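Sequence annotations record features per position, and here Swiss-Prot assigns region 'Disordered' to 1-23. Here Swiss-Prot flags 1-13 as compositional bias 'Polar residues'. Taken from Swiss-Prot, the feature divalent metal cation binding site covers H136, H140. Among the features that Swiss-Prot reports, active site is placed at E137, with the record citing sequence analysis.
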Amino acid sequence: MSDSQPCSTPSTRGKSDSGYIPGDDTWTQWRNIFAILTGQMTDEGKEQFRIARDIRNEAADCKRCEDQRDYLLQYSPIIRFLSDNIRQLRGDLSSHNIYCRRCTSRKAGGFDPEYGILLCANEMKDQGHLEDTMAHEMVHAYDHLRFKVDWTDNLRHAACTEIRASSLSGECRWAREFFRRGQWKFTQQHQECVRRRAILSVRARPGCKDEAHAEKVVNEVWDSCFRDTRPFDEIYR
């Protein structure tokens, strides 16, 4: 969980070559937004603007994340189902080990067998996005308990659990891909989304040489892992 951060205060230095102007007042924020819209801010400046915004909104983002997390744990069918199945494997995921934090890397969340689930509050778009992210990480938790996943050295294990998490969580359903990610295909959309996300995840692991290596590993386990819908009877959504 090293990429989650406590509260801090953005710099108050003057405008840099990136086009970003530090400051929390409304006028400065509008100047920055205008610079982005008119192409006067570099990618570096946009990243500085994003980080400052996330720091400024951290308390509100985390509070909203925690409220939605607690609601989903109580009322979401998919989250409750996964929680029950994890509990049957003598695991426990609840508000005490599902953490809402500001993350410094661009990701939605993560699972650690020792600590639990991290939800990146500053990356959550809405409650549906949070539900998909929780379900994704809970599938990882289920796999860790059910299949004894080797997270460190076995890329095939990593590829398999990523295939299952992307397929079963709902994050690759057609509406999510169509409206959120601009993927316009109607045929084989679900499979292509799952494969794409699994390759990206494997590619980011230290033991992976390159994208071709990641694709090879995903292809090796694809058939068996994509068909395995446990603990569901079928792909839920």
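Using N, Cα and C of the backbone, Cβ positions are placed for all residues, glycine too.
Where Swiss-Prot records a feature, it is marked here on the structure.
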{"residue": "H136", "record": "divalent metal cation binding site", "Cβ within 10 Å": "25"}
{"residue": "E137", "record": "active site", "Cβ within 10 Å": "24"}
{"residue": "H140", "record": "divalent metal cation binding site", "Cβ within 10 Å": "23"}
